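Below is one structure, written out as structure tokens; the observations come after it.
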Amino acid sequence: MINRERLVETFMELVQIDSETKHEGHFQAYLIARFRALGLEVLEDDSMAKTGFGANNLLCRLPATTDVDAIFFSCHMDTVTPGVGIKPQIKDGVIYSDGTTILAADDKAGIAIMIETIQQVKEQNTPHGTLEFVISVGEESGLIGIKAFDMSLMQADYGFVLDTGGPVGSITVGSPTHAGLEINIHGAAAHAGIEPEKGISALEIAAKAISQMKLGRIDFETTANIGIIEGGTATNIVMENVRMRAEVRSISSESYEAQIKHIKELFEKTTAEMGGAITIKVDKMYGGFRFNDETHVVQIATKALAAIGLKANHEVSGGGSDASIFNEQGKETTNLSIGYEKIHTVHEYIPIHELEKGAELAYEIVKQVGTTAD
């Protein structure tokens, strides 16, 4: 039922419109015109005032034809670099870039799927509740766009993000809470060759604390890492300051809090013992979620996959997506795989049959909800 040729043409057109993060304006203008031409109401928030990015987030709405739940689909319009001048090529049923840029299937495959789903709904006169399509900016720079999105504009209380790689069939049932930590240790400078005993090495403080710290894989739900350490001004000066950047991720809120506490306590205790001073800033990037087989969006996606001949694969993610922010704001949301591979590289690709399956899945979700009364 999906119009394969039209879907591919749409995707090929989308990826040739540049939209690197912070430079989404031209592509956003295209999307506004495209969704309005499909008969949808298009709302634009004022997130640019908060983000400073090249465009606002979009909310496109197709009014209900029957009294069933409103649902939403979500994608992002920005891409990573190098994403200017993309030249898609088809070889043996697979779409690639020409090898000098990304392909931008992340996440323009999702947007192509949205557009084809709307076209199918209209052509097949498929009964549906209110359908909303959220297209965010700045996803690739830490979910900045969706964090600034005014969710009070929405009517739907649950939905589906189309932004996970791998063959169609994966349903994200868990995603971690993620925090960044900024740690600054202050010691005392001294001449390293004349009077080193008068110095307090911030590096030694950091090293002693880290040597006692649980890092890496903490348990099956939790990870922690110190990824950046900077400091020092010269080899003949006892290091006065050390600056570190770290992160903690966990599906479990209890484990997340425990690991943050563990890191802070070790740094603070060691610094005090060695006569230094310390500041630690914890910045929660996004909240986590954990679903089960009974979660409504999981049930809907699982039934829809079965209807198109695929078995659901429940996945726990180690990272965040716009779904993290929707869930944090009380809108039950899962993330669905849509077929792209090797994202964020010039080797990115998507098999056409996976793109087609992604569109079948989104359309089937609309059908599933459309036949379920409130």
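Even glycines carry a Cβ here, placed using N, Cα and C.
Sequence annotations record features per position, and here TrEMBL assigns active site, proton acceptor to Glu139. The Zn(2+) 1 binding site annotation in TrEMBL covers Asp106, Asp163. TrEMBL lists Asp106, Glu140 with the feature Zn(2+) 2 binding site. Annotated domain 'Peptidase M20 dimerisation' per TrEMBL: 177-272, in sequence order.
The structure, with features from TrEMBL marked on it.
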residue: Asp106; record: Zn(2+) 1 binding site; contacts (Cβ under 8 Å, 6+ apart): Thr79, Val80, Asp163, Gly165, Tyr340, Ile343, His344, Glu348
residue: Glu139; record: active site, proton acceptor; contacts (Cβ under 8 Å, 6+ apart): Thr21, His76, Asp78, Asp107, Gly145, Ile146, Asp163, Ser321, Asp322
residue: Glu140; record: Zn(2+) 2 binding site; contacts (Cβ under 8 Å, 6+ apart): Thr21, His76, Asp78, Thr79, Val80
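For the domain 'Peptidase M20 dimerisation' (177-272), the DSSP-based tally of helix, strand and coil residues reads 33 helix, 38 strand, 25 coil. Mean pLDDT for the domain 'Peptidase M20 dimerisation' (177-272) in this predicted model: 98. Over all protein chains present, the Cβ of Asp163 (Zn(2+) 1 binding site) has 24 other Cβ atoms lying within 10 Å. A helical conformation is recorded for Glu140 (Zn(2+) 2 binding site) in the three-state DSSP classification.
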